């Protein structure tokens, strides 16, 4: 009797879904140029999914983009009438019971919530899904695809289980379960994209998943910032962050001055200050795969070199981003007592971030990759702005950073400090290594995202 009741209950739950799925299959035939894009994360901090949506819209698809709306996406996305952003509510874990139980309950409720949101959306010919996070979104999107006739496209940025392993250890039961889940449901997708050749090979060899490498490429708005816009940005940021403010007042009170630039009151001409500090930029999601103590130790060594009389500029170090370890590192930064270095950790508006990269003198990347198979998108954006980079070494970094060509690769804080000393010696030196790297980046004529997407992704969605 109990078994019969359970079967009846299951049928009662599944029948409406099957009927709704059948109707959505019929609807999908009438909306073949519609795509649903899903990221179980913050849309504003998921640039690659924003770029997918913009590229799809540019080529005639309408797009429904589902994700958390914690940060403002780029204006191009918000102003595109082919793209609809549907906000998801971030579910909080229960505060009772063992942590594993709390996590399990959260995953189940997230699955039901995402299923409900997807089933009441316009059906898409494709469901584009960012992974990670893939638990429970891969299974839910696959199930919805089965019901509605949509083809699941997984864009592999990394492995979710490897990120969990940084916190719990690689042999934790949750991590092993997540790995099995990711591998099992990942094989059920129709198309797979990934960010490096190393990941493509790993997916093929270990998970029997065939993927197409779609390298991260900078969007068109990542470019060198004109001096006038640099000045406006510095004046704006100076309102809330003291490192951007002028070190001294100009003789003419009508002259606008920042820490780096000034605008002549009469002519309106913007010039760089003769003894301006160097602007060093890093961006981060403040997670376990980025060790900012390396940068702080290198800055301490740089400070000592300056105090010892080496010909080095003052530094303004801007670390932008949001994430769980931000408060921890902010506390470490406040404990430092630099005389020639100022550090600030702003969260920038989407439109200001490319302007900052295009105004900086050097980028630093501390991303090491939990799997060793993904590449830091921040470096891609920096290269789009022709900004040279010092990046910490890991397994497949060579696919992006060419040592001594477009930047430098380091292993530890000692090596980073030596690189900072070499690059900023006699700053600003037109004949220095920093300007040579920038020249190489200008001459490389790298593909932009739209050009790369047309070559790699568009043929897949048009042919299938």
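Just so it is clear, glycine is given a Cβ too, placed from its N, Cα and C backbone atoms.
Of all ranges given (3-23, 24-44), Swiss-Prot attaches the label transmembrane segment to 3-23.
Of all ranges given (222-241, 242-261, 262-281), Swiss-Prot attaches the label region 'Disordered' to 242-261. It is 100-120, from the ranges 58-78, 79-99, 100-120, that Swiss-Prot records as intramembrane segment. Outside the region 'Disordered' (242-261) by six or more residues, the chain places 227, 230-231, 234-235, 270-273, 276-277, 279, 316, 318, 342-344, 359 with a CB less than 8 A from a CB of the stretch.
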